[in-house]
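Student: Can you keep this structure in mind? I'll have questions shortly.
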Amino acid sequence: MASNNSSEVESLPLESISCGVKVVVLALGCLSCVSGILGNILILSTLMSYKVLRSQHNMYVGNLAVADLLVIGYFVPHWLLDVLLGYQPVVNAVHCQANAFIMTTSFMVSVYTLVMIGLDRYISVCHNALYVTVVTKSRTAFTCVLLWLASAAISALPFFQVGNTRFYYNRILHFCIYDTSNPLSLGFIRNMVNLILPAICIGIFSLGILNFWKKSRNRIDRWTSGREQNVSVRNRISQSDVALVRSLVLVFAVLIVLYIPFASGTLISKMVPVSADTFSILSFLLFLNHSINWMVYGLMNKHFKDGYKRQLRLCMKRQTTSDTGEKTRVTLTVADESTI
């Protein structure tokens with residue numbers, strides 16, 4: 001059994017989570033883990049087996065799924081176990097630091113992949129000629145690799161004691177993370193940047209596409225004014241634009257609703273104490289995004305819906321075939337025994 005002395009801890013007194021909040025967080029946390037693990041595996045298998053989805057844009061979606069799978073499949077179970085047991089379920093300080101490194105790296109990759117998805121859509125819609133010329137699969141793959149390398153390099157700074165920061169076990173949050181107790185530390189600044197900057201970037205990209213959409217509709221209305229034969233053209237363009245805008249607004253809303261509360265709680269905790277119960281709920285919301293991204297970025301796309309159905313049917317078919325084969329083997333065995 002690992003004790004709290006197995007890694008560095010903050011000087012604040014240990015605050016336990018109330019029974020009611022613990023039950024709710026554990027129940028919802030387990031559901032989000034199952035949803036996130038199965039969902040991200042589903043989206044990755046769909047991307048690999050469904051050729052129509054093998055585009056530059058969807059390479060970012062796959063990168064997002066890998067990062068989310070690491071957070072929801074590795075880090076969150078440790079956090080839930082901590083909430084259940086009341087102490088950190090790590091072997092020693094090195095394990096604690098490794099957990100924090102994996103979490104911060106995966107979190108950064110996930111968040112900034114969302115930014116790249118927004119940028120990719122913005123360039124594709126507003127500067128299509130540039131998109132066709134500049135954006136390629138090889139460059140997109142290189143960008144994904146660069147995201148991982150840059151995130152890992154930034155997350156590794158505490159190992160070298162850079163920027164007055166460190167990894168430690170936070171007894172209020174109940175997981176290993178950057179030390180954000182000092183507002184001037186690199187860890188605090190990094191957390192704020194990683195929570196606020198992506199929301200600003202995605203908001204800018206969304207507004208840019210909205211503005212482009214409005215201008216395009218005005219031009220189309222002028223071109224088709226008084227021509228009934230072009231009504232269907234206007235409707236098709238309008239429906240396509242509305243679908244894109246809805247997707248972008250949903251992305252932005254999810255980012256705000258699930259990320260900003262944790263950032264706000266972190267800021268407020270520098271001025272007044274914030275209970276472990278409150279931070280447990282805020283942490284759950286923070287991690288929840290990694291278990292529903294596959295829904296947001298998958299189910300909004302018809303090709304992904306078809307791919308999901310295809311993969312699920314294939315799994316069910318394999319299971320049925322396996323069960324049939326097992327029954328056949330049992331029948332043959334019984335027949336052989338009766339013959340003997």
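Each Cβ is built from the backbone N, Cα and C atoms, and glycine gets one as well.
Note that TrEMBL annotation is computational and uncurated.
As listed in TrEMBL for this protein:
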type	residues	note
DOMAIN	39-297	domain 'G-protein coupled receptors family 1 profile'
TRANSMEM	23-48	transmembrane segment
TRANSMEM	60-80	transmembrane segment
TRANSMEM	100-119	transmembrane segment
TRANSMEM	140-160	transmembrane segment
TRANSMEM	192-213	transmembrane segment
TRANSMEM	243-261	transmembrane segment
TRANSMEM	281-300	transmembrane segment
Student: Do at least three CB pairs under 8 A connect the transmembrane segment (281-300) and the transmembrane segment (60-80), leaving out pairs fewer than 6 apart in sequence?
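Tutor: Yes, the transmembrane segment (60-80) and the transmembrane segment (281-300) are in contact.
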Student: Can you give me the average pLDDT across the domain 'G-protein coupled receptors family 1 profile' (39-297), rounded to a whole number?
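Tutor: Value for the domain 'G-protein coupled receptors family 1 profile' (39-297), mean pLDDT as a whole number: 80.
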